[in-house]
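Scroll down for the structure; my scribbles are underneath it.
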Number of protein chains: 2
Amino acid sequence: MSKTEITIYKIGGGIIDDAAELSKFLQLLAGTSGLKLLVHGGGKGASTMMRELGLVPQLINGRRVTDAATLDIVVMFYAGKTNKQVVAALQQLGVNALGLSGADGNVLQGTKRPVKDIDYGFVGDLTSASVNAAFLQQLLKAGITPVLCPIIHDGSGHLLNTNADTIASAVAVALAGEFDVTLHYCFEKNGVLRDINNEQSVIAEINSDSYAVLKQQGVIADGMLPKLENAFAALNSGVRKVIIGHALNIGSDLHTVLCLK
Amino acid sequence: MSKTEITIYKIGGGIIDDAAELSKFLQLLAGTSGLKLLVHGGGKGASTMMRELGLVPQLINGRRVTDAATLDIVVMFYAGKTNKQVVAALQQLGVNALGLSGADGNVLQGTKRPVKDIDYGFVGDLTSASVNAAFLQQLLKAGITPVLCPIIHDGSGHLLNTNADTIASAVAVALAGEFDVTLHYCFEKNGVLRDINNEQSVIAEINSDSYAVLKQQGVIADGMLPKLENAFAALNSGVRKVIIGHALNIGSDLHTVLCLK
């Protein structure tokens, strides 16, 4: 018997910070068929509020250092404002959405990142083993669309700020046993570009062979490299397809499809 | 066949503002047997943050006037910070808690309060018909303890600030068809007191007959009157028992039990 298909969409800060674009994306999402799950990232709102409160946001290598005061704010923003606004908007569009932090239903239990050179504070690491796949399956089978925010818990009463890309791939891998999983990363470009300055130069498909060539040619470099490494790691762990494209192109064919072979 | 018992606990702002007391309450809650559901109120944190951000909290007759900026803050506090901290703490205590705003799983869909003399802004009204009892039943049967915050939605994409006492009684009545429901209001006193200045003067039981007498004698007056009116309304709508007592006395016999007859 073939597995039921599910698409896991991940949206980042750029689209969350743009109310009009977020609204368009959610309409497109509501129009897609089949089971779905949404993971959303943070956005700039938390940093803006921190500054208004006299706190100084700290980033190291693009990652937020999360002390106790920062954690309070990001939990409020990500699990509170953003998550509930997205859920209410989806409900209006007829999608029975349910917002979740990792603590809710123990859906994502990870560990606080160990301090090595840098102390990132209340930041969580997780793997696909951290995902309560049985509970997500129950929700999906009940017709619910889970909406995950980038806050997890450690099982000892602490909330942890976590990267949304990592959550999306961990959830995709965890659900791959039961479902035929497509992991759809939405970002601000149309896909993986052959020429970074040309939005029309989207590479339609990359498989493991052509990926090796593109890396060698230097077409894939910089910020795109870790994204694709993570994508191929997910594919090697049972995810059928990874899509990278613009949030407002979901449902269309303008994007890059990554697959094995 | 007798119905399964469930207790719906409601805690208010006082206990939420006191981390040590909240922690003790959650430990007691985790120690109670049987199905349970928790409804929590707001607390002073949202007003404190508003002032820090240069906003002025407005209350009329003890009820918050909720403009758009205020709504953002209360959603962040109630659905974000408070709700997720409570859920994470319960998970640590072995209770599989799931935090919910009314938008999540469409669990509480109400209406924006009509403007009469006063415009309360984004404030929601609801009845037991607003409660998605089937979804709550599904969660409870899956071993989950729902934790509801005082934010509902209107089905048209708007979140609404709502009184937690009202949510607790609406949920209690909605679940009374399927369950044998006890509605347990926690507050800062040991129960309904015969002498307001004597915490030891708790009236152990009040039924509809003795309630009429106590009202006539003036023993029940002021703030306690609407509380008890709501309690008897819930009893008349199928709730088996209403308990009023101190949050740190749950599980003990020190409280007031309200029942019909």
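For all residues, glycine too, the Cβ spot is worked out from N, Cα and C.
TrEMBL annotations: computationally assigned, not manually curated.
Just so it is clear, the model here is predicted, and its values are computed rather than measured.
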**Study point:** Co-listed substrate-binding residue [TrEMBL; alongside A:Gly42, A:Gly43, A:Arg64] among A:Asn106, A:Asn132, A:Asn161, A:Asn190
**Key:** A:Asn161
Check your understanding: Cβ within 8 Å of the substrate site's Cβ centroid: which residues qualify beyond A:Gly42, A:Gly43, A:Arg64, A:Asn161?
Key -> A:Gly13, A:Gly41, A:Ala46, A:Ser47, A:Val74, A:Phe77, A:Tyr78, A:Pro150
**Study point:** Inter-residue C-alpha distance, A:Asn161 (substrate binding site) and A:Lys10 (site 'Transition state stabilizer') (nearest angstrom)
**Key:** 16
Study note, to complete from the structure: Quick note, A:Gly42 (substrate binding site) and A:Lys227 (site 'Transition state stabilizer'): C-alpha atoms separated, nearest Å, by 18
Check your understanding: Are there residues of the same chain, six or more positions away from A:Lys10 (site 'Transition state stabilizer'), whose CB falls under 8 angstroms from its CB, and which are they?
Key -> A:Leu38, A:Val39, A:His40, A:Gly41, A:Ala164, A:Asp165, A:Ile167, A:Ala168, A:Leu183, A:His184, A:Tyr185, A:Cys186
Review point. Counting across all protein chains shown, how many other Cβ atoms sit within 10 Å of the Cβ of A:Arg64 (substrate binding site)?
Key: 21
Study note, to complete from the structure: Here the mean pLDDT of the domain 'Aspartate/glutamate/uridylate kinase' (A:6-245) is 95
